[in-house]
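Engineer: The structure's right below; bear with me while I get my questions together.
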Amino acid sequence: MTTTYVLRGVRPLGGEPADVVLDGGRITHLGAPGSATPSSDTDPGVVEIDGENRLILLPGLVDLHTHLREPGREDAETVCSGTRAAAAGGFTAVHAMANTTPTQDTAGVVEQVWRLGRDAGWVDVRPVGAVTVGLGGERLAELGAMADSAAGVRVFSDDGKCVHDPVLMRRALEYVKAFDGVVAQHAQEPRLTEGAQMNEGVVSSEVGLAGWPAVAEESIIARDVLLAEHVGSRLHVCHLSTARSVEIVRWAKSRGVEVTAEVTPHHLLLTDERARSYDARFKVNPPLRTEGDVEAVREGLADGTIDIVATDHAPHPVEDKDCEWAAAAFGMTGLETALSVVQATMVDTGRMSWADVARVLSQAPARIGRIDAGPAAQGRGVGVGEPANVTLVDPAASRTVRGAQQVTASANTPLEGMELPGVVVATFLRGRATVLGGVPVDAGGEDGSGLAGRVGETEAVAS
Amino acid sequence: MRHLLSTADLAKDDAVLLLDTAAQMAATQSREMKKLPTLRGRTVVNLFYEDSTRTRISFETAAKRLSADVINFSAKGSSVSKGESLKDTALTLHAMGADAVVVRHQASGAPHMLAHAGWLDAAVLNAGDGMHQHPTQALLDAFTIRRHLVGAGSDAGTEGTDLAGLRVAIVGDVLHSRVARSNVHLLHTLGAQVTLVAPPTLLPVGVETWPCEVSYNLDETIEQASPDAVMMLRVQRERMSGGAGGAFFPSAREYSRKFGLGSQRLSRLPGHAIVMHPGPMNRGLEISADAADHPRSVIVEQVANGIAVRMASLYLLLAGSDTADDERTSL
């Protein structure tokens, strides 16, 4: 028997307080405060949560860009630890990037990752397929086989590497049209970034770290939007980080090019000034940029040029960060802090509403990944009949970030010691609580079946 | 002063104190008995991850003349070649009781990490890190400039003086040069006017924010700025070939024609101007043999001054500021 959750006095998408009932994997009631009838006093199968007319109810967050590291780097993260961290951050679905070992470039490996996600039960894991074999940039991986596999891959990316060969990029863009796929490009011109360590600019010139010029990103994005227009394909731009990248995407959209773009929480918040500390927790690819770039990506996100926020959650073991900058790995964790950073940079500054947050962190990424329909639909609205994938946020609470206390298996957060607004109180995956009271509810602990939220196993979606 | 990591950290008073102390150290080096007892019982580790015989020997000589025990830890002959991390090496040096660590590393920021990561509590002297800083080189350059252009060839009367009003041209591969970065900050702090001269490919993006002028033309700089000192930077051979990022200039001959210092350009410098080079030189590329061996060349003297400056740096870091006055009067 599954639990019925009655959320009293919660604010769907930050609007007026309401009562919401989650039952049988669906949202079964949405009405004025006091309108929800199930009561924990009379029914032991009911759990009530009081939102105190303050807690905000969002659709479960969807990350289009997560590195779960399994298979291959289980010392940094596993599918289980990473998805548990995702749930703690308010997510109900993540797209697992392809740069695992072995690479997610065959139907076999993407199905393996998909199954690991299903078994863990924290969120829906949607594997991203590699564009090229072994991320080698030389020949197309079997994109069709991955699309047809149980994992149902729709997003393809060589993330970490750029598909820099223009012919190969063209072919990939064309080929995935057959199954409504999208190529998510890591835009980095490789010749312009050989040995690159950080943003090329004033700070790099002083601290003596090899520069990663903005133009290396912008030139690839410019080429790709033109290619996408030429062949009429969908293009997604990963972790866009510069002011001119925003301009190029804005221009492409004005021409009707089917391009979508993402920005990471860290590019919304931090600048390359952080590199002056030589603290490799600030080393990331693409690198932290300048104040002007941060302002431009915030503006681009607010005006819709940038469609989504994606974490680029990139866990690394301590030894890969506690060393010389040049020897350190690129990347930072982000699943548990993404929502707070968006609140701090976009909501609390008055640039976006909570409905906008739902759009950029749930609905739009689900739409880009084509997981917004079907039995495991994600990123839907908060309405009666929709899947009960929701997250409950306390926008008035705050916390101090401590890498060592995060749920992810790695501690490499660039926000160490920073106080951020917003705390995820509860997360529900198809009506099952994965997080309650701000703490992950260990799978299998609640009702003997941690997998109750699995697709096909709940009453609601079995039909 | 706890560490010496970057000349950008040095206030003018610190810099002048270092130069004054170096002058006192230099004076002791003309004695028959060059060794001072100042750092007896202290341990100085030379931790060199890059080959640099000259800098290592200079630091070793400086430490030994102050009676410190010196341990040379070279990456090639140590556990580093077996893949030991910087952190483990630092913890090891800490456990062995190093009082000062002189570090040369190919990674920019490695000395900063040694000083600030909490791995060891020794004083850290940056002996050159990546493309970042080489502060003792800049100090010895400033010391040499002060001696010649303020003190007319000796340190007499230079105590407490800076380099106000002097014009210095730094010519060559600024992009990859820690020597250039260190000198721009230090010379600026000391009041000198610096002009960087290089082809645009060998200047970093962001150089426009540095406290100096930038020129693409050595002849114009010689005519218009009339530099009192010209510092030629070494051009690495790999910058001329394809390499990682392709060649930075078309050919060695073109570089030499446009940015090399030969007797023609030398003759157009002011009569008192000095010629400097951090070494090792590529004779015939950035500097001709005529210029290198000219009476106005102070290149060999720079090497000697390096020892005095490094003695001063070790002394000020290790002997501590409270004892500095007493100790110095006894030099």
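Keep in mind that glycine also has a Cβ here, set from the backbone N, Cα and C atoms.
Worth saying up front: this structure is predicted, and the values here are computed from it rather than measured.
Below are the features I grabbed from TrEMBL:
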{"type": "ACT_SITE", "residues": "A:Asp312", "note": "active site"}
{"type": "BINDING", "residues": "A:His65, A:His67, A:Asp159, A:Asp312", "note": "Zn(2+) 1 binding site"}
{"type": "BINDING", "residues": "A:Asp159, A:His186, A:His239", "note": "Zn(2+) 2 binding site"}
{"type": "DOMAIN", "residues": "A:56-243", "note": "domain 'Dihydroorotase catalytic'"}
Engineer: Which recorded positions (A:His65, A:His67, A:Asp312) fall within 10 Å of A:His186 (Zn(2+) 2 binding site) by Cα distance?
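Structural biologist: Hits: none.
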Engineer: Kindly assign the residue listed as 'active site' to one of the three DSSP-derived states: helix, strand or coil.
Structural biologist: coil
Engineer: Can you tell me how far the Cα of A:His239 (Zn(2+) 2 binding site) sits from the Cα of A:His65 (Zn(2+) 1 binding site), in Å?
Structural biologist: 9
Engineer: Work out how many Å separate A:His65 (Zn(2+) 1 binding site) and A:Asp312 (active site) at their Cα atoms, rounded off.
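Structural biologist: The Cα atom of A:His65 (Zn(2+) 1 binding site) is 5 Å away from the Cα atom of A:Asp312 (active site).
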Engineer: Using DSSP, would you call A:His65 (Zn(2+) 1 binding site) helix, strand or coil?
Structural biologist: strand
Engineer: Helix, strand or coil for A:His239 (Zn(2+) 2 binding site)? Use DSSP.
Structural biologist: coil
Engineer: For A:Asp159 (Zn(2+) 1 binding site), which DSSP three-state class applies?
Structural biologist: coil
Engineer: For the recorded positions A:Asp159, A:Asp312, work out the Cβ neighbour count at 10 Å and name the residue with the minimum.
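Structural biologist: Per-residue Cβ counts within 10 Å for the recorded positions A:Asp159, A:Asp312 bottom out at A:Asp159.
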Engineer: Taking just the CA atoms, what is the gap between A:Asp312 (active site) and A:Asp159 (Zn(2+) 1 binding site) in Å?
Structural biologist: 10
Engineer: Same-chain residues six or more away whose CB lies under 8 A from the CB of A:His67 (Zn(2+) 1 binding site)?
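Structural biologist: Same-chain residues close to A:His67 (Zn(2+) 1 binding site) (Cβ under 8 Å, separated by 6 or more) are A:Glu77, A:Gly82, A:Ala96, A:Met97, A:Asn99, A:Asp312, A:His313, A:Ala314, A:Pro315, A:Gly331.
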Engineer: Please work out which residue of A:His65, A:His186, A:His239 has the most C-beta neighbours within 10 angstroms of its C-beta, and give that one of the binding-site residues.
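Structural biologist: Comparing the binding-site residues A:His65, A:His186, A:His239, the most crowded Cβ belongs to A:His65.
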